[in-house]
């Protein structure tokens, strides 16, 4: 495997992208989970599907766009979707969660239309849905590096504000933080990470890399710092084990990554049970 | 009487058709320990939100430290402790230290890191609410009363002149309510912090409070606590809308 990585560019792309995604998705995911926005990540991934499918259709039908990387339209769709969700959440103040099914079905609806226009499922589309070890191009990798830089800059600038906003929104507003703007930026960055992650994990499973490692970390962490650290470790572990097994067993990496993170989650739940029993008897 | 810190002039507030507050005039002076009491739905929380600048009054003017609320930039001078029950989720993975530290967020400013001596400040703030032994505990593992103290420490860390508390004793064990008020009283007297709290519970008004404002859309009474003690039960009832009883916390502690 190590040998192959040195030999094949596609493996280098997949592993480099995977390691980056395994870092930024759970990192941002900690804030998504504690702010109870997990389902929004899911909705956004479906919107990204519409953008990807639209781009695949355009590249078939418009000659000039044949070489357009579908990631770009995916990013546009995802960011637009995140802004729409915010608008809808404000419109339906008392039914904020209604924004999620609206955006999710809009994304799937447009996606279905573009997929059928593009004459059905191609293997390319399959790789977008469930991830791929072989389909990540050098250009995809550069886009993912760009997104990662944005995430790191964003989080290092707004870390303490995001903590306050996540812990206690009312307090954040009362202390005079520009809560609304930070939230909008947060949603845009989330949309970028979703669009970037889907090359590896696939659209349908992208939100799991933002939530499952965090769910596991929250079971056993004592502080916020520890929750972040463990989330990233679990995320990287899932990506590495998932990608290696996907490569050897010829499976979609989305599946192997998610199943790995489920196993980690179960182990943390199990270990906590044993731990607390031990504490009682000891 | 100290200099006025918070002035409300003819404040009214209307939610669609309903009048929540009518013509409120209230001055809170330095060193006051004021309890705003009123039944549920009397507009207490609305009034606090207007003072904090979270809601814009339909008419009237709010002055904080002599400045109109929308021009007042030193928000860290006013520490706010929100109603615990609806503003934070107990499963949040954070230590007491992390929570208290976050009280410096505004003072530190955007794009800056917390100051180097932040841990010392956290310890001091926790000490002043008697929680210094709990600094490494998970916030969700504490009792309601302990959490409330941590939130007060979070407000205190930026050295505010005023502390505003929304229903601070909700979720606090009745046995601990007295020591909770004693702690507030200590902050008021020893640290010279002006305290404003709202509560629906007339019983909760303890001896440590200096001033009382009775609110039910309008302010029905505002004055020294001992003046309120002279009010007849009929007067109290007329304002509160139903029978209430006064309990003297000095002579008994409810079990």
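Any Cβ shown, glycine's included, is placed from N, Cα and C.
Annotations in TrEMBL come from automatic prediction, not curation.
The annotation transmembrane segment is assigned in TrEMBL to A:14-34 (among others).
If one looks beyond the transmembrane segment (A:64-86) by at least 6 residues along the same chain, the residues whose Cβ comes under 8 Å of a Cβ in the stretch are 40, 43-45, 47-52, 54-56, 58, 99-100, 103, 106-107, 128, 137, 139-140, 143, 183-184, 187-188, 190-192, 194-196, 198-199. According to TrEMBL, the feature transmembrane segment maps to A:64-86 (among others).
The transmembrane segment feature in TrEMBL is assigned to A:98-121 (among others).
Feature annotation from TrEMBL assigns transmembrane segment to A:141-165 (among others).
The transmembrane segment annotation in TrEMBL covers A:227-248 (among others).
If you look up TrEMBL, you'll see A:254-271 (among others) marked as transmembrane segment. When Cβ-Cβ distances below 8 Å are used as the criterion, the transmembrane segment (A:254-271) is approached by residues 129-131, 200-202, 204-205, 208-209, 212-213, 215-217, 219-220, 234-235, 237-239, 241-243, 245-246 of the same chain, each at least six residues removed from its ends.
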Which of A:98-121, A:141-165, A:227-248 shares the most C-beta pairs under 8 angstroms with the transmembrane segment (A:14-34)?
A:227-248
Going along the chain, which residues at least six beyond the ends of the transmembrane segment (A:227-248) come within the CB cut-off of under 8 Å?
1, 4, 11, 14-15, 18-19, 21-23, 25-27, 29-30, 131, 133, 200, 209, 212-214, 216-218, 220-221, 255-261, 264
